[in-house]
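> Annotations for this protein, taken from Swiss-Prot, read as follows:
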type     : residues  : note
COMPBIAS : 687-696   : compositional bias 'Basic and acidic residues'
COMPBIAS : 886-896   : compositional bias 'Polar residues'
DISULFID : C50-C100  : disulfide bond
DISULFID : C144-C194 : disulfide bond
DISULFID : C247-C295 : disulfide bond
DISULFID : C337-C384 : disulfide bond
DISULFID : C429-C477 : disulfide bond
DISULFID : C519-C576 : disulfide bond
DOMAIN   : 122-207   : domain 'Ig-like C2-type 2'
DOMAIN   : 225-311   : domain 'Ig-like C2-type 3'
DOMAIN   : 804-899   : domain 'Fibronectin type-III 3'
LIPID    : S1000     : GPI-anchor amidated serine
REGION   : 685-710   : region 'Disordered'
REGION   : 886-907   : region 'Disordered'
Amino acid sequence: MRLPWELLVLQSFILCLADDSTLHGPIFIQEPSPVMFPLDSEEKKVKLNCEVKGNPKPHIRWKLNGTDVDTGMDFRYSVVEGSLLINNPNKTQDAGTYQCTATNSFGTIVSREAKLQFAYLDNFKTRTRSTVSVRRGQGMVLLCGPPPHSGELSYAWIFNEYPSYQDNRRFVSQETGNLYIAKVEKSDVGNYTCVVTNTVTNHKVLGPPTPLILRNDGVMGEYEPKIEVQFPETVPTAKGATVKLECFALGNPVPTIIWRRADGKPIARKARRHKSNGILEIPNFQQEDAGLYECVAENSRGKNVARGQLTFYAQPNWIQKINDIHVAMEENVFWECKANGRPKPTYKWLKNGEPLLTRDRIQIEQGTLNITIVNLSDAGMYQCLAENKHGVIFSNAELSVIAVGPDFSRTLLKRVTLVKVGGEVVIECKPKASPKPVYTWKKGRDILKENERITISEDGNLRIINVTKSDAGSYTCIATNHFGTASSTGNLVVKDPTRVMVPPSSMDVTVGESIVLPCQVTHDHSLDIVFTWSFNGHLIDFDRDGDHFERVGGQDSAGDLMIRNIQLKHAGKYVCMVQTSVDRLSAAADLIVRGPPGPPEAVTIDEITDTTAQLSWRPGPDNHSPITMYVIQARTPFSVGWQAVSTVPELIDGKTFTATVVGLNPWVEYEFRTVAANVIGIGEPSRPSEKRRTEEALPEVTPANVSGGGGSKSELVITWETVPEELQNGRGFGYVVAFRPYGKMIWMLTVLASADASRYVFRNESVHPFSPFEVKVGVFNNKGEGPFSPTTVVYSAEEEPTKPPASIFARSLSATDIEVFWASPLEKNRGRIQGYEVKYWRHEDKEENARKIRTVGNQTSTKITNLKGSVLYHLAVKAYNSAGTGPSSATVNVTTRKPPPSQPPGNIIWNSSDSKIILNWDQVKALDNESEVKGYKVLYRWNRQSSTSVIETNKTSVELSLPFDEDYIIEIKPFSDGGDGSSSEQIRIPKISNAYARGSGASTSNACTLSAISTIMISLTARSSL
């Protein structure tokens, strides 16, 4: 649809001045979709959706089969917010193809087409069907013949009023509705009824029954399969769709159905087989699923094959859509839309809903549209259509043509433009105008003419090079086109240039030093100046790297850089950059940092022997200070970190890159590294060399701490410390144990072929108890035998004592302590005695659970503590030595005394007089099961002293002579034959400045009350107040 020229001009001006999001052409939010409407629906209303946005609000029209729908002439039609409502829809009048059209002042767009169809299912016309007569064993087809309908159908059959099930002998085609029986049996005789269901309306109708009877003229013989249900030769299938192929055969015996691809490829695993293989279903169909498929029906009489080609198709799908374009008059427009699909889509173009063809300035080639020298008549709504036989898609865009005179309202010339003397400046002139204007410049009131210094570009910008002071002033840009003239003025200010007076200079420094790189300038003081520094091309971040870098100077014309604690990583190029609003310049300096050498490279083991390794390496960077020496370090699995090693030459100078490491252990895996040094310091070590093992050699190190002793009767036990693996010098390491009776000449030898052996036991009845032997242990490996250790004397195992101790006696010391006495055995022992073992147990316990304590040497008594009071204990004593214990003495019994009193002294009162402290307390009475109180112990100490003094008394008072210049801590407890009883709470008597004082401890009637009191209240009063 073509709009009036005046409306387009007005639209262009409004579009130019308004926000793009405010005014625009129609845009579909929702387009109509196909509708299958059930004729028997109770709703009696159809809605075709069409939702559009635009400003101004678009007007919506509908077309049916290309003809406008007149909603005013037919009350059944109404348009609500763009969507078309049809009341009481009629199959004859309303079925067809609908399309929505949207129009506003910017143009017109049309929607995709949508079909309205009516779903229905009529009743069967006939009420009876002829009887079908077949032989037993014969195949049979019962025709359904569905009545007139619209919408997809599904089929089922009823056999004698019951649903007919499907198996390998029966099949219902969902394409034709027919019932197939591969081989009729006697049980198949009866009435068959076809049931047809419309899947849209769910309406169901039953056909007339068909009687099936068996003929009496014989049984059908065997015959090969005959395929009655087969899929078409070509089955086009959409991408992503689900395709179902049917195949069923009659035959005797009942045929089996097998599916396969003719090209030999396996059928996709996603495929499913139904109804005894009668249906092959392939979901989510893709290009790789296309091909020739075969259905093979086979029985013992033969086989038949049905074939069909599954072809792949895809509706068009956008790869590239078109977008809105806003252009000035006389410019060019190019649109391109791209879609994929199968078959390949073709393209059409619409302008304002009407076909667009190639003519004059408009060139169309497939998905491209080219409009040259655009004018106002080209404005409108454009649509690109991509179409193949399976569908069509739309892409919509708006072409806005701007026609307006020059306007500087949003793009005024810069009010002030700064430039330095000798510099170059461009004053931009960018008014909004369509078509493109012609530009003129003035300086002051004079027209500016171009010369070799002053030029005006095609887009209107003014360029001046080699600026002088005389170029300063006001400049005006004048823009003119068909629709008017406009101008804008700005000022050019010329400033003196900035110059670096003290640039940074290259320096040579040592690691750890600090320096200042100067950067001082002269500049126009009316301009702000900014200093920045870069290091090796990267700006220095003074916040992040403040540990090393700091800006110093203190003047706006100085931007010096201080570098503190310089490291090797700080070597490189430093650039001071100075910037004002009119110029930018820089000055650079190189910083050389001298430091310890870098790590040497490529440390290689050239040759290795049993104790030496020949190494070579390449020097690393010397960091600007010659390397003076190298040190070689080694590491083994047995060393703690890296260790310096001896070399030849002993001192390796900086010009030597090979050395021999000496003093290595044979048959040990080594790795080496090299460290370089110069006058500044020691550098980082090299990467380790490869690991190499030294060659084998005879062992040289003998076992340490050769000793022994102990063991069982007639045994000589010899022990030693194993030789560390790094000192074994080779594989097959072991020990040679040599021993002989003391004073004899001939050695007995035993070989132990284990590097881990550390003990040998010689057992022989001829070995006397505790007799001396000379012992030494040697070493060997695959290379041969090594030395023996020094000879040492080891005693054979001794015999345990043979006689028991005598005269056992025990007595009770308290409720918790017993003392036991015994005498040495009366008869001579064959085994020496190293001490005695006392065994004790309670009467109610078993002897095997007894506790034991040991004495050492000739001690013939011991004290047993931590026992229970009033308990009967049994005791026995044995002599022992390293071979074990001897026979037990006779058992003696002893009963511990009653426990001491559990109640502490209570009601403690104290007073002081003439350097004395007098304590009084209540008498403690023992319980029936406790020992009688024999007296009391008073324990006292200075508050700062750890040692305690004790006074015993059989009274309930005591007098202490103590100086008053210290605080005292005092406790009181009873004692009895059963031991010491419970102690009172501690009483603190403070340092007393007055000669007379009185106080009391907590009053306690039992132990529980005493333990619950956490503080002691002390009151002091002068004697005069008593």
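Each residue, glycine too, has its Cβ placed from N, Cα and C.
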> For C429 (disulfide bond) and C247 (disulfide bond), what Cα-Cα distance in Å is obtained after rounding to a whole number?
79
> Could you check what DSSP calls C144 (disulfide bond) once collapsed to helix, strand or coil?
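In the DSSP reduction, C144 (disulfide bond) maps to coil.
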> State the residues, same chain only, that lie 6 or more residues beyond the ends of the region 'Disordered' (886-907) and have a CB under 8 A from a CB inside it; answer 'none' if no residue qualifies.
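Contacts with the region 'Disordered' (886-907): 800-806, 808-818, 820, 822, 829, 831, 839, 843, 867-880, 921-922, 924-927, 929-931, 933, 936, 956, 972-985, 1000-1001, 1003-1007, 1010.
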> Using DSSP, what's the helix, strand and coil tally for the domain 'Ig-like C2-type 3' (225-311)?
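Taking each residue of the domain 'Ig-like C2-type 3' (225-311) in turn, the totals are 3 helix, 51 strand, 33 coil.
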> Would you kindly list the residues that approach the region 'Disordered' (685-710) from elsewhere in its chain, counting only those six or more residues past its ends and only Cβ-Cβ distances under 8 Å?
599-601, 603-605, 608-611, 613, 615, 617, 620, 633, 635, 642, 664-675, 716-724, 727-731, 733, 735, 775-790, 792, 794-797, 882-883
> Using C-alpha atoms, which one of the disulfide-bonded residues C144, C295, C337, C477, C576 comes nearest to C50 (disulfide bond)?
C337
> Take the Cβ of C144 (disulfide bond) and count every other Cβ within 10 Å, whichever protein chain it belongs to.
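By my count, 23.
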> Determine the Cβ neighbour count for C247 (disulfide bond): the number of other Cβ atoms within 10 Å of its Cβ.
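Result for C247 (disulfide bond): 26 neighbouring Cβ atoms inside 10 Å.
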> Could you give the Cα-Cα distance between C384 (disulfide bond) and C247 (disulfide bond), in whole Å?
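Answer for this pair: 43 Å between alpha carbons.
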> Give the distance between the Cα atoms of C100 (disulfide bond) and C194 (disulfide bond), rounded to the nearest whole Å.
42
> Of the disulfide-bonded residues C247, C295, C519, C576, which one sits closest to C477 (disulfide bond) when you measure Cα to Cα?
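For C477 (disulfide bond), the closest Cα among C247, C295, C519, C576 is found at C576.
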> At the Cα level, what's the spacing in Å between C519 (disulfide bond) and C247 (disulfide bond), rounded?
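Per the Cα atoms, C519 (disulfide bond) and C247 (disulfide bond) stand 93 Å apart.
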> C194 (disulfide bond) to C247 (disulfide bond): how many Å between their Cα atoms?
20
> May I ask for the distance between C295 (disulfide bond) and C576 (disulfide bond), taken between their Cα atoms and rounded to an integer number of Å?
84
> Name the one residue among C144, C337, C576 whose Cα is closest in three-dimensional space to that of C247 (disulfide bond); these are the disulfide-bonded residues.
C144
> I'd like the Cβ neighbour count for C384 (disulfide bond), meaning other Cβ atoms within 10 Å of its Cβ, all protein chains included.
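A count of 27.
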> Calculate the distance in Å between the alpha carbons (Cα) of C337 (disulfide bond) and C576 (disulfide bond), and round it to a whole number.
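Rounded to a whole number, the Cα-Cα distance is 53 Å.
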> Using C-alpha atoms only, work out the spacing between C576 (disulfide bond) and C144 (disulfide bond) and round it to an integer in Å.
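One finds 96 Å between the Cα atoms of these residues.
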